Amino acid sequence: MSALPDKPAALEVKDVRRSFGPVEVLHGVDLALHSGEVHALIGENGAGKSTIMKIMAGYLTPTSGEVLLNGKPVTFASSEEAENKGVILIHQEFNLAEQLTVEENIFLGRELKRGFFLDKKAMRAEAARLLNELETRVSPDARVSDISVSDKQMVEIAKALSRNARVLIMDEPTAVLTTREAEVLFRQIERLKAKGTAILYTSHKLDEVARIADRITVFRDGSRVVVANTGEMTEDQMAQAMVGRELSNLFPPKVIPANAETVLSVKDFSVGSIVTNASFDLKRGEILGFAGLVGAGRTELMEGLIGVRQSAGQVEINGNPVSISTVSDARRAGVVYLTEDRKGRGLLLRKSMRENLTLLALNRFGRLAIDSKGEDKALGKAISEFDIRAPNRAVLVGNLSGGNQQKLLLAKTMLAEPEIVIIDEPTRGIDIGTKQQIYNFIQNLAASGKSIIMISSEMAEVIGLSHRVVVMRSGRVTGVLSGDEINEDLIVRHAMGLEGKVAA
Amino acid sequence: AQDTKVIGVSIPAATHGWAGGMNFHAQQTIKALEERYENLDFVLSTASDPGQQVSDIEDMMATRNIDALVVLPFESEPLTGPVQRVKEAGKFVTVVDRGLSQENIEDLYVAGDNTAFGRVSGEFFKQQMPNGGKIVVLRGIPTTIDNERVEAFQQAIEGSGIEIIDMEHGNWNRDDAFEVMQDFLSKHAEINAVWASDDDMAVGVLEAINQANRQDQMWVLGGAGMKEMIKRVMDGDKIIPADVTYPPAMIGTAIELTALRFTSSMPMSGRFIISSELITKDNAEKFYYPDSPF
Amino acid sequence: MTVDSATSTAPRQGFRIDFHIWGPVVALLALIALGAFLNSNFLSYGNVTNVLARSAFIGIIAVGMTFVITSGGLDLSVGSMAAFIAGVMIMIMNGLVPSMGVGWGVILVGMLVAIVVGFAAGLVNGLLITQARIEAFIVTLGTMGIFRSLITWLANGGTLSLDYGVREVYRPVYYDGLLGVAWPIIVFAAVAILGEIIMRKTPFGRHCAAIGSNEQVALYSAVHVNRVRLMTYILLGILVGIATIMYVPRLGSASSSTGVLWELEAIAAVIIGGTVLKGGFGRVWGTVVGVLILSLIGNILNLANLVSPYLNGAIQGVIIILAVVLQRQKKMER
Amino acid sequence: MTVDSATSTAPRQGFRIDFHIWGPVVALLALIALGAFLNSNFLSYGNVTNVLARSAFIGIIAVGMTFVITSGGLDLSVGSMAAFIAGVMIMIMNGLVPSMGVGWGVILVGMLVAIVVGFAAGLVNGLLITQARIEAFIVTLGTMGIFRSLITWLANGGTLSLDYGVREVYRPVYYDGLLGVAWPIIVFAAVAILGEIIMRKTPFGRHCAAIGSNEQVALYSAVHVNRVRLMTYILLGILVGIATIMYVPRLGSASSSTGVLWELEAIAAVIIGGTVLKGGFGRVWGTVVGVLILSLIGNILNLANLVSPYLNGAIQGVIIILAVVLQRQKKMER
Ligand SMILES: Nc1ncnc2c1ncn2[C@@H]1O[C@H](COP(=O)(O)OP(=O)(O)OP(=O)(O)O)[C@@H](O)[C@H]1O
Ligand SMILES: Nc1ncnc2c1ncn2[C@@H]1O[C@H](COP(=O)(O)OP(=O)(O)OP(=O)(O)O)[C@@H](O)[C@H]1O
Ligand SMILES: [Mg+2]
Ligand SMILES: [Mg+2]
């Protein structure tokens, strides 16, 4: 494997630089992809991973340097040209037209035709086949705006698979997938690899990288720092190469509050037809994990709680019944929610960081006129506190790297100074160094007397951070675990409904 | 009882002053006639463009079983065919004001005279300015009517030494006329008179002149016989020395004449041309109807 | 706005009528029932023919407008464009009569001219929008003024009339038909059916929706965004040409008042039909229903005697709003 | 279209003039230069006052329209609404003269009525849009017809004229001013400055832009989407009322032809000024520049002698397009 064939690389970049305006984000990087290998690209948020991938797939042009396809220099005039030559990119951000159906999205720009007309039957069948292969149950006729985040990612993958790639570039494909879905993806990757496809892949989940990659390239601040075969690096070494310092103990020690009073009590809470009679308590200073398979309804439950979905049931905060029907009711009651859908519900991509940061807590910056100095100060604080890396303060949020968007979203949510924070997938797309910072942040938050609900599909996160764990399945709470019960086996058993029967 | 006769009336909608007056007279006449004659029914429709007017007439034929049609064509050309078809279906047809582009379709023709309107106006200018002078002209909405009036006006002042130093469309609209006149006043240091060619436009023109404080330097001739203007003529206002009639009430006359066709045994047909008359201080009383909306 | 509607079309939700889809049809049926109730002649062959035939102009244009709006564009110039095309067509036909004589030859040339001018006008709009990258609203507001001015100028402020002889030959194109169905109705139906097929069954239609939904996604998916967008304006231009071909024999003339406010009517029809103004979703059959609703309102107002004709516009406004209440966007399902 | 501009506003890109921001101003300066070149009276006190004062109506309305469009809405009814408000105002003032006598009392009541009716009209539009959830285009197309009809009906097809005595007292509100600056100009400036402050410095302005950018994000960020949206329509209604207060003393009358096409002009001004038609970004100062550009075009056309006045519209169209060419959207960075 490490003995590379003499054959030229399937796709290679040499000494590529790229600037946005005056800021250079890639400082002369080299990267070679070979047929039949899975190559992992890792690095901190904002290191330039997505940028180099876009350059390789023709979405961006390098400021200088060259791209070689099968050893011959090429300049892709457009992503279409790259695609025609078999180079396909799955974007980090969703690249789906929301109003179109799944099938329409999969075949967009590549519609199958019979004569002049669309061959809908064939496309539907093919879409169904691809989705089936990915073990995704979403219907080809569903509108993309109606499907869940992870299903969208699977549709993206299906779209790429339908394109018959010789070089497949995937930008954090597993960030929004659960372990089970990720497994499905890995099987597909193995299959493609066997067929001789060259695969470039990024992820912040280093265990994944260790498992499926053949070679690893590490980026730091727009430069390549390491290339190695997988066996040559441990996960710790990877993390260290990325971050430039040693990372010990990803999770801070749990400080479980003793005899804390209940701050939030939810009883018989139902949201539409998705969540039925959910009940749970949250104590002061507690980190309450929510686990479950995708589609278990955790997101809907929380969205019901903060008033963006119609709900029924009793909610008490500090022992007083409250009725929350809008997000600002929730905020007033001290409850805020960090959405899992960063792009669709979290951030205004075409606005600056400042406007995004203060939107939720704008009432704190003056009722009549906005205190823009205060805003700037808050932004400065958020940038340092959450380690947000942006080329400059005026950059549009849509141009931030994915991980930095997530950090900004976190900062935005915290700016409202909530008593109760609901965080849906807190570390989606966040690099390992920052993850540690965020975990510490959450732990400190809890220690300072705030209460936290954390929905996460990353088992390690749930286990490593939560004081107690609520497990949901099909819109119902199937178990509440604490202490030693918090282990992968029990959580999965509850999530799959195996334990629920016993408990009931 | 006798069988009821239905008279359809199709006119342009009230989009400017004169048309508004015409709409008013049409409705008044219909109301009066419906009260007077039990066996007469009227169908009134107002159109905002020629295409819609054709549709209205089609609808009257297809669904309202009209026996006669009184039509004031939005434009001559497009209405000629459709009205001809009404005639061919054996209905009685009265055409008002704007003649059709082919002769002998209608049974009855009641109209003002746009050429006379322009000519009378022009002759008044000639008479007022024997030694010539500089005038500005505000035109209406670009239409054949406006063209006829302006051509006749220009012919009438030919060789009189009166020079039209500027001409612009004020669209028979007070606001547009106000703005155009404001700009004329900025542009030209000397203006001796204004042919506003319509009383609505004259209202705007007068305001602009007042604002510029140049009331003493020029006078204004409007047209159509709006009551406020006639009042000022009657009162001897220097700036409004006269007006020229183009009575919107002609539609009422036409409807009444058409009704007579069904209520009396008189054979109604022919052409009634209501010429434009010059209203001056001497005869203004005769044209003053304080109760009319126009 | 787009957001709410997105969540609402969850398919196969049960047996309730989905008003979001069938709203316009229900509104149309209600209007037909009202018309039939008000006047026994409403459903007569003559009246039905009249209403359908006169819907044809706006209808043909609105079908094209559906594509433009679906792909996130807008065209305010269509009414003026129709007047301009009619003017050019008439001038050229009149000019050819001395040399070619009165007959179908002249008329066919005229038709060709209409389509070519429509094509060119659409091309100009489309190029300014896609190549000069100016907001569609501004481009077409500008060309709306330009076309309107040009027809006024060509007609010297008055009316351009088609040569009498030619008119007589040409008239049947509006007034006659095939098997009792008037030609404008046939052409409208053909355009609508073709439009519906193009929208639903061809890559072009799909690409329009994709561009309107998210231009960047479309671009990244190898959709030729500019080309497709340009084509929607050209298609609309050609359809305006076809509408004009049907319009000229009706009135035999063109003036500065020809086609005034057609753009508003066409856009309204498209939206009443359920197409999303901000793009991303369009349906041609809905547009056809929208056009019929608008025509019927006018027709019904002529069927009955109202308090005052001055209030026609108010009733029209109320009905337009009511017609859309039925398909109003559901609140986000929460 | 939205996509391209996203990448384009990277700030501090060097010392080039950013045309995307300064385009309208450059266009305005070019027009002023052209006007001064064509006619020496162009820059005279009188002409400048005329142009600014007559811009005031559309200008005041366009400031409100900026908020509506920024938050992703649209209002086609403003022109008709102005006519309707003017009509109601005149009728009420005339009605009060017998009991209250001629004087400022009557006029103040009239002004109050204008604002209240404007408020109510905006409320109706806003409620239909936010509560009945009907597309803004359709709602305001409907109310446009309704208001227009109502004024025609109130005026009996003709013109409503303000009582002569009241008129004389009221006239100075349009024609006089403070320190040589006419009142309409002062009011317009005040509204514009206030609007600019509200847009840039207050939570309301921020929320408008957020809603227009992404309604869902706004909703999840504790923005009262419906309330803010409703408020934009009410604000616009009130501003239409204020515009009418300045309009009525000018000619002392209202008719069915009052305010025709104001809506188009206001929307055009907003977009020429750089506000994005699909929402998410708005700037009031741009709108002011847009209004001035539109007024100046008309003024210059009247001051210059063209080949044919029929071609005014064409030149207007060309200038509108040119004015926006300068700030056209850059091609996406790649
Ligand atoms: N269009 C753009 N305009 C300006 N800056 C940009 C643009 N695109 C990317 N950048 C900047 O380039 C840098 C590299 O971004 P990139 O998206 O490649 O990071 P990444 O390694 O993919 O990070 P992550 O792990 O968070 O996804 C970041 O600082 C980002 O803000
Ligand atoms: N807008 C929507 N319309 C209809 N169904 C929806 C919508 N959003 C989510 N659902 C469905 O609701 C169920 C629960 O959704 P969701 O995937 O958000 O749950 P979750 O437990 O939060 O999972 P995740 O781990 O993905 O956050 C799923 O069946 C999903 O398909
Ligand atoms: Mg990235
Ligand atoms: Mg979720």
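Every residue number used here counts from 1 along the chain in the order it is shown.
Glycine residues also receive a Cβ, built from the backbone N, Cα and C atoms like all the rest.
Going by TrEMBL, these are the annotated features:
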- C:21-39: transmembrane segment (TRANSMEM)
- C:51-69: transmembrane segment (TRANSMEM)
- C:76-96: transmembrane segment (TRANSMEM)
- C:102-124: transmembrane segment (TRANSMEM)
- C:136-155: transmembrane segment (TRANSMEM)
- C:175-198: transmembrane segment (TRANSMEM)
- C:230-248: transmembrane segment (TRANSMEM)
- C:260-277: transmembrane segment (TRANSMEM)
- C:284-304: transmembrane segment (TRANSMEM)
- C:310-326: transmembrane segment (TRANSMEM)
- Positions on the same chain near the transmembrane segment (C:76-96), where near means CB under 8 A and six or more residues out: 57, 61, 64-65, 106-107, 109-111, 113-114, 117-118, 121, 125, 137, 140-141, 143-148, 150-151, 154-155, 160-163, 166, 236-237, 240-241, 243-245, 247-248, 253-256, 258-264, 266
- Note on the structure: Stretch winning on C-beta pairs under 8 A with the transmembrane segment (C:175-198) (pool: C:21-39, C:230-248, C:284-304) is C:284-304
- Query: Any residues 6+ beyond the ends of the transmembrane segment (C:21-39) with a Cβ under 8 Å from its own?
  - Reply: 9, 272-274, 286, 289-290, 292-293, 296-297, 299-300, 303-304, 319, 322-324, 326-328
- Message: I'm a bit unsure how to read this: which one of C:51-69, C:102-124, C:230-248 has the highest number of Cβ pairs shorter than 8 Å with the transmembrane segment (C:260-277)?
- Response: C:51-69
- Message: At a C-beta cut-off of under 8 Å, are there same-chain residues at least 6 beyond the transmembrane segment (C:102-124) that contact it? List them, or none.
- Response: 77, 81, 84-86, 88-90, 92-93, 96, 143, 147, 163, 165-166, 168-170, 173, 230, 233-242, 244-245, 248
